[in-house]
Amino acid sequence: MLSQLSVSSPRAEEKGRLSVASSRPAPALPFALAFIGLFGVLLASFPGRDSDIWRHLVAGRELVSRPGTIGPAWLYDLATYAVHSAAGGGALVLAKALVVGAIALLVFQMSRARGGRLLPLAISGLAVLALGSRVLLQPATFSVFFLTVTAWLLFRDPRPVDRARSWWPGWYLVVLFVVWGNVDQNVVIGVCVVALIAFGRLLDARSPSAFWPGAGRATAGIVVLVVAACAGPAHIHNLQVPVELKRALAALREEGVGGSVNSPFTREFVANFRESPAALSYFPLLGLGAVSFLLNRRAWHWAWALPWIGLALVSGLQARLVPFFAVVAGPVTTWNLVAYFAGRGGAPVRPRTRFALRGLTVALAVGFLVAAWPGWLQGPPFEPRRWAVEPPSAVLDGAAFLRRAHASNLWPQESRTLYLSSETASELAWFCPEDHGLRDEGAVKELLKTEDPEKARQQLRALGVSRVVAFAAESDSSAREALARLLADPDEWPVLHLAGGLVVFGWCDPARGGADSYNGWEVDFTRLAFRPSIEERAPPVRPESRRWWDAFWKPAPAPRPAGRDEALVLLGKTESMLGSAPQRHLRVWAPGQMGGLVGAASGWSTPAGALDATIRGAFVRPPLVRNAPPPQVAQLALGFEQRFEYDRGPAPVGILYAAARAARRAVAENPNDATAYFALGQIYAALVRTTSEQSWAGRVPDLVRLRQIQASAALNRAVTLNPNMAEAHLALGRLYLTIKYLDLAAVHLRAYRDIPASRGGPKKGDRQAEAILSELDRLTKEVDAQTRAFASESTRSSVGDRALLADRLGLAGAARDLLLKSDVSAFGTQGMELELNLLLRTGRPEDVLEWTTPELEGSLGGFTYHWLRAQSHIALGDYAAADTELGEIIEPGSLLVVPSPVGTEVAGVVSKALLDAQPGTSFTSQVVMRALSEFDLRTRMTQIGLKLGQVADMSVLRGVVALEAGTIDRARDSFRAALTYSPNRWGGGELEFPGRWVAWAGLALIGSADAKPVRAP
């Protein structure tokens, strides 16, 4: 029965009309075949970066070395391992590309089998484009190939069949399903498609007497194919619902409505793939197919309609199954349209029209091939077609570390590695086979239980675990939570390796005790922060975006740069340290005070010494009384201790400096990575909130402004690249609330509210989300009130005055837009400075650099001009240009701050004062002149002192920026240069400038790294 399956309709033949199935195919055009085959190959010729690649390679290697370890996809595992061993990873991608090219040719051959030329080519091209939305180096891609071959075998022209064996599906199909069942569990889709075609053929026959006998023969044939599909180690388990479809159905049940996050009919799908014509081509292919059935309804074929409907339903639930739909929808749609147009007839096409159509077809085909070469039809990353397999660089570095550690016998040979995710386990199992790893879900769950850590330790001992490997790139939420849990306990879980987001933790089992076996192997975060290597520094210049033509010849950067994941790990470590801040501060405070207490004991022989001893003793252990207010000496001690903790900050500042550099390296590698920019914005926001910079900012307010500008630039860039990044909108809303930009805060909080919960938006029942929405309601009312106040108060005001009023009322967005719409002549220099500052603080530093031309320096003034440009360069990560601008502020024409021309000015003032103090001819006039001279001296010296303080503070800011960039020598020189304005002399005369303490603190941080021992290799 199955071997008789065709798509011709007996009803059409009975009516005497020419059957589409029996119509003679149009002759093949070499150009059409070349185009469709090359189109499919190009769509599939991109580097393989999926973790599944390494899992199958490991399984294939295990199958060769230990034949008893056979998995459900053992044939695919064995084939990929053999090809990779013989010709490398590029050969795997080439083989996949050739398979997709074969799919494209088969789809075209099926489409044109019922007649026509241009129509089959056009619809086949659309189907192949939809197929290109997901042609990864995975078994599913080969399942699509098997489905295409199955459809081709069933839809080809009918042949004479032996009635006695009509239940037999044919050896081609049997062998195909045997192979398919051992390659991928999506074989169940093939079985279902065969059953739908067979049932549809029975409906098309419209013969009640032959229905049941035919149904019996069709059922027998399907049973044969089921047995063939189960002829493997998985047996009946091959016939399971595809994992992707299970996930879609589960998500559908959880949502309670038809908005599954896996479905192409969701806003999330369109948002994710808005730059992918291949993904969006599913919709015209689906719509065109539905229209074709309506047009050809008089010659309805159930054998076409049932598989089309079935695959349309599953692809509508799960976008990953779109390729299965495409390879069937393309031919079926073509047959319907060809049959419809053939029945209508039409006037013959003129030679000129035919020639024009052929020319247009050639032009469009060439255009599609040109667009396919850089990947423009499939979405970013855009790069030339190439055949390669690219593992994450972090995995390669982690494998190298594990090999080095094993060679040094860091762990017992029988010990094992616990992986927090199966993806990382597969990757490292391939690149470091000597490491014995395991993935135990129970052990990971026990690590997350902080109330009973001993139970987790017992399980780890039973498993023989001595280290844990985590990767920030994992999507598994439990793995990310476990990573944060381990980062929060550096005593038991020291970090031995950190590169690109992959972290190797060593386990210091409390039951073993003894010396630290990882001494010299731990990651030195102080060295990473204040003595980084050249590779660990931030790029000195701002990242440059790729030009559109680079995609034709220049490989794209990694979609997930290593620096991004490393920054996320360092940011996570900082957050994990917040809870332990009081204990860490006490471990430093108590020994220091105890040392001071012991050192001062020799001077306690006098009565004043008793007071000194009392105060110092209170600093070591404040005398607190239960249920009573603390005495004054205890209040004094606690006040100093709280100030000490505030100056140190809850988290070490150096870790966030290292995180900022890693994020800067990530955006330099891939300027279109929205997540890297989001991480960068979070880092800058955390610097003045959770580190010693909160204390520095109180002394140098420009530092707060600088961090806010950096955070705003990074977060605005993140939402520009990904408008649906809920976390970035929320962070921007909170930032703008902090700086009183109420209207902009409301805009971004509103954007956060409108993003679905599945993409990070507010979830029902979440208290934090409800608090944010309540804040948004309050903020909206306040913005409305301020807007009305602005409208009433700004009547008949100039543009500049209206902008200043809007800014004072918290309507910074309105003020900025008002100034941008007006000519500079309408608001003058003051309005121009306001406009540039608003652009800076609302994430547009590029515009500030573009508009601050040298001609503007005279209008703004030298300091304002260079300070605006310096802030813009810092916000963009162009540290070299920022250093130059700061140098112009500190010392025009030189990057050195000493010697200062202020000294010449001071000498002139003092000399004039001495001359004015000489005896004169008139006593009265001499007294008056001396008084005036002294007043002028004090005034001018005060002005000089302020100028010196401003220069010193700028030098301090220069040092802080250099610390962030990792140019430690420049930071040290800048801090020392600032302190030359306030030398420690016994005679006094020091200049007390606000940033003096910050300069000393910066030098102390740099010195702390110099005292650290060198890490083991």
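The backbone N, Cα and C atoms fix where each Cβ goes, glycine too.
Positions annotated as transmembrane segment by TrEMBL: 26-46 (among others).
Long-range neighbours of the transmembrane segment (81-108) within the same chain, counting only residues 6 or more positions beyond its ends whose Cβ lies under 8 Å from a Cβ of the stretch, are 32-33, 36-48, 53, 56-57, 59-61, 63-64, 120-121, 124, 127-128, 131-132, 135, 137, 141-142, 144-145, 148-149, 152, 326-327, 330-331, 386-389. Annotated transmembrane segment per TrEMBL: 81-108 (among others), in sequence order.
The annotation transmembrane segment is assigned in TrEMBL to 115-131 (among others).
Among the features that TrEMBL reports, transmembrane segment is placed at 137-155 (among others). For the transmembrane segment (137-155), the list of distant contacts is 2, 5-7, 44, 48, 50, 52-53, 56, 73, 76, 92-93, 96, 99-100, 102-103, 106-107, 109-110, 113, 131, 170, 172-173, 176, 179-180, 183-184, 186-187, 189-190, 193-194, 197, 307, 320, 323-324, 327-328, 331, 389: same-chain residues at least six beyond its ends, Cβ to Cβ under 8 Å.
Counting residues 6+ beyond its ends, the transmembrane segment (187-203) has Cβ neighbours under 8 Å at 1-2, 4-6, 143, 146-147, 150-151, 154, 169, 173, 177, 180-181, 211, 214-215, 218, 221-222, 225-226, 229, 238-242, 301-307, 310-311, 314, 321, 324, 328 in the same chain. Residues annotated as transmembrane segment in TrEMBL: 187-203 (among others).
Feature annotation from TrEMBL assigns transmembrane segment to 215-236 (among others).
Outside the transmembrane segment (278-295) by six or more residues, the chain places 43, 123, 126-127, 129-130, 132-133, 264, 269-270, 305, 308, 312, 315-316, 319, 322, 325-326, 329-330, 332-333, 336-337, 340, 377-379 with a CB less than 8 A from a CB of the stretch. The transmembrane segment annotation in TrEMBL covers 278-295 (among others).
Here the transmembrane segment (324-343) has Cβ contacts under 8 Å with residues 7, 17-18, 20, 23, 103, 106-107, 110-116, 119-120, 123-124, 126-128, 130-131, 143-144, 147-148, 151, 155, 186, 189, 193, 282, 285-286, 288-289, 292-293, 295-296, 298-299, 301, 304-305, 307-308, 311-312, 314-315 of the same chain, all six or more residues outside its ends. For 324-343 (among others), the entry in TrEMBL reads transmembrane segment.
As annotated by TrEMBL, transmembrane segment applies to 355-376 (among others). Within the chain carrying the transmembrane segment (355-376), a Cβ under 8 angstroms from the stretch's Cβ atoms is held by residues 31, 35, 38-39, 42-43, 46, 118, 121, 125, 129, 277, 349, 382-385, 551-552, all 6 or more beyond its ends.
Helix, strand and coil residue tallies for the repeat 'TPR' (952-985), in that order: 26 helix, 0 strand, 8 coil [DSSP]. Under the heading repeat 'TPR', TrEMBL lists 952-985.
The list of residues near the transmembrane segment (115-131) in space but at least 6 beyond its ends in sequence, with Cβ under 8 angstroms from a Cβ of it, reads 20, 23-26, 29, 32, 35-36, 39-40, 43, 100, 103-104, 107-108, 144, 277-278, 281-282, 284-285, 288, 322-323, 325-327, 329-331, 333-334, 337-338, 341-342, 357, 361, 365, 368, 377.
This prediction places the mean pLDDT of the repeat 'TPR' (952-985) at 88.
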